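What TrEMBL shows for this protein is this:
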DOMAIN    A:20-409  domain 'Major facilitator superfamily (MFS) profile'
TRANSMEM  A:21-48  transmembrane segment
TRANSMEM  A:54-74  transmembrane segment
TRANSMEM  A:156-174  transmembrane segment
TRANSMEM  A:180-199  transmembrane segment
TRANSMEM  A:234-255  transmembrane segment
TRANSMEM  A:261-284  transmembrane segment
TRANSMEM  A:296-315  transmembrane segment
TRANSMEM  A:321-343  transmembrane segment
TRANSMEM  A:355-377  transmembrane segment
TRANSMEM  A:383-405  transmembrane segment
Amino acid sequence: MYLATLDRGPGRTVGRVSGTVLALGTVSLITDVSAEMVTAILPLYLVAGLQFSPAAYGVIDGVYTGATVLLRLAGGYIADRIARLKAVAAAGYAISALAKLGLLAAGASGPLIGLTLTVDRAGKGLRTAPRDALITMATPPEHLGRAFGVHRTMDAAGAFLGPLVALGVLALSGQTYEPVFVASFCVALLGVLVLVLFVPGDRAARALPVPAGGGPPGGRVSLRAAGRLARGRLLPAACLLGLVTIGDGFVYLVLQRRVELSIGWFPLLAVGTSLAYLTLSVPLGRLADRIGRPTVVLGGLAALAGVYLLLGSPLGGPPLVLLVLALHGAFYAATDGVLMAVAGTVFPAELRTTGMALVQSGQAAAYVVSSLLFGLAWQSWGTGAACLAAAAAAVLALPLMAVLLRRRV
Amino acid sequence: MSSLSRRARLLVTVLAAILLAGFATGYALLGRERPAPAASAQVSGPALMVLTNGRLSTVAATDPGGPREVTEVACDRVYAAAATVACLEPVGALSATRLVVMDERLRERKTVPLTGFPNRLRVSASGRMVSWTLFLDGHSYATTGFATRSGVLDLRSGRLVNSLEDFAITRDGLPYRNVDVNYWGVTFTSDDNRFYATLSTGGHRYLVEGDLAARTVRTLRDNVECPSLSPDGTRIAYKSAVDGDPAKGWRLSVLDLASGRSTPTAETRSVDDQPAWLDGRTVAYALQSSDGTNDTWSVPADGTGAPHLLVPGANSPSPPRH
């Protein structure tokens, strides 16, 4: 854990990343351990443990998709309105923690499990924008890329450890699943505690000597002002990014078919992408601070086009797998945190959380659309043609994205 | 937070971490205490094979609710016919499932390593053919979708069909191909070559009739899942999605193959199982109660009568054998 470094206090900076960012990174790391513990065993629990049929599982899987977009926007706006980002973020973390216990209480009831997973997602939706706004607030604008890079690396490290912890608990419990949910709840609770104790409240954060992230001078927090945020260029840019991103599941499935990996290797493909994301987040974040964030986002988009081109190409074998996963991770490392760093400098400080929620929601909604479209393309045109079409879309998006990001938004 | 010193906050965090870790570990260790297996007793005469808490068990056909012989063999799904007992082993966190084929004394004859979660299992009446359906995680390409894989093993020739997905499909009289094809719930005819199964594609769940030697299937009718052929080969017991929508649950029904007429059974609760024919007039199936326990029920196949609790605390029923 990173508590030793935190000891230097939120007001000081450690290696030019503030204590607050490290604290939030630690919270994310712990919370992701908790979340991924459950994600890793959920299919096993539902199908092997509760003996759900495929159709019942499909229903549960579909229930929560997209249900949290509105809550994310509302959460962002409320956080700005009452000017208490930390409180809203803490509520989001606490809701997700309680959802772990909900899984225990839901027993074998499909609808209750679906409801619990929705509540879990709602908590995640609620906390993401205030957390990113807190990172922005604690970081000088010129170092935002690095700060988000550090945060995303810690976040991804947690996602990496989660499944391992779940396996450990399963070994202790003699392969019963309920203790994994209990352990996940305990881990999540620790995350909330670290947030409450080590992340400064909004008032303290605003009084920091660090100049809070740039952005135009402030005005009032109103729905009308929030509506004006949507007219900027960052929202279309985020939507565009979402639109050219096909589902991760597709990428892994195409890859698996292309190299004829046995289905048992499937989960490892996601691990490969995470590994690249984890290692590249900090260097690419620093690069973004140095050479300009739009350039790095464009580079990420080019990496994505590369992924689709490779998937549509006649290449095969282990080199293809490694190259695709590395580029896929590089795409996330070059866009996820960096886009939030751009958002941190674009939106007025008092509406920053709303703006970040807007950008994240727009990207997520567009992503759902593109996944559906790619699914249709795959069914009607076949794998190769659909991948090349996705690559073409990504390449066409490059100049558009350059225009959207180049000028002040 | 500012009221506490940094040292105090660290101390609180470390203490909380130790407490929480202790609680989680304690709970996990307590989880080891499994419920003691049901009392086991010798069973003689015609017997039904079921699973009791995932252990292969037999009950007397004449007194299914009575004494039960519980073995140490762990399965997620079991089915027995003639001299063949087939078992799909449970998936562990680090171990995949296997098909284990045993003789009537539960000695291993053959195993097939498989990937996925056990879902359905069937043995032909002669004991020669085995078919299984596995559920392959939620990693199907549509986020709301799922994927299943059904395979067949011929115990006499040793021929293994890994997946029916490669069979040529005739849909409504025309050749058909789609990447979203999924099969589940195979049931064999008495010639050990033809079979019935569910084929899911494009939002439809078809009853298909297949030919193992010719590697073909053709669609017969929509909205039929988990078919089970009657011993005389004239009727199919199956689960029928209410209003054609699986989200609304399934009605256990029986289809007369000659007339095409379908009759709902007297079981009105949603049945999510591949039924088994106990004889020419009765089908058995498992129902899961909201607390997660399974019971095996039976109901007349002709739509009359009422459901009857056959074997409490058991699932995966097979027809009686001597």
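Cβ atoms here come from the backbone N, Cα and C positions, even for glycine.
For the listed features, I'd like the structural context: burial, neighbours, distances.
The list of residues near the transmembrane segment (A:180-199) in space but at least 6 beyond its ends in sequence, with Cβ under 8 angstroms from a Cβ of it, reads 3, 6, 10, 19-20, 23-24, 26-28, 30-31, 33-35, 37-38, 41, 45, 86, 89-90, 93-94, 96-98, 100-101, 103-104, 134, 165-166, 169-170, 173.
Residues 145, 241, 244-246, 251, 254-255, 258, 284, 287-288, 323-324, 327-328, 330-335, 338-339, 342, 383-388, 390-391, 394-395, 397-398, 401-402, 405 of the same chain, all 6+ positions outside the transmembrane segment (A:296-315), place their C-beta atoms under 8 angstroms from a C-beta of that stretch.
Tertiary proximity for the transmembrane segment (A:321-343) is limited to same-chain residues at least six positions away from its ends with a CB under 8 Å from its CB atoms, namely 132, 135-136, 144-145, 147-149, 151-152, 234, 237-238, 241, 248, 251, 255, 259, 261, 269, 272-281, 284-285, 288-289, 293-294, 296-297, 299-301, 303-304, 306-307, 310-311, 352, 355-356, 359, 363, 405.
Away from its own ends, the transmembrane segment (A:355-377) comes close to residues 65-66, 69, 72-73, 75-77, 128-129, 132-133, 136, 226, 229-230, 232, 234-236, 238-247, 250, 339-340, 343-344, 346-348, 385-386, 389-390 of its chain (Cβ-Cβ under 8 Å, at least six residues beyond either end).
If one looks beyond the transmembrane segment (A:383-405) by at least 6 residues along the same chain, the residues whose Cβ comes under 8 Å of a Cβ in the stretch are 233-234, 236-237, 240-241, 243-244, 246, 254, 257-258, 293-294, 297-298, 301-302, 304-305, 308-309, 311-312, 342, 374, 377.
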Within the same chain, where does the transmembrane segment (A:21-48) have neighbours whose Cβ lies under 8 angstroms from its own Cβ atoms, ignoring anything closer than 6 residues to its ends? I mean 6 or more beyond.
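Hits for the transmembrane segment (A:21-48): 1-3, 5-6, 10, 14, 57, 60, 93, 96-97, 100, 103, 113, 120, 124, 131, 134-135, 138-139, 147, 150-151, 153-163, 165-167, 169-170, 177, 180-181, 183-185, 187-188, 190-192, 194-195, 198-199.
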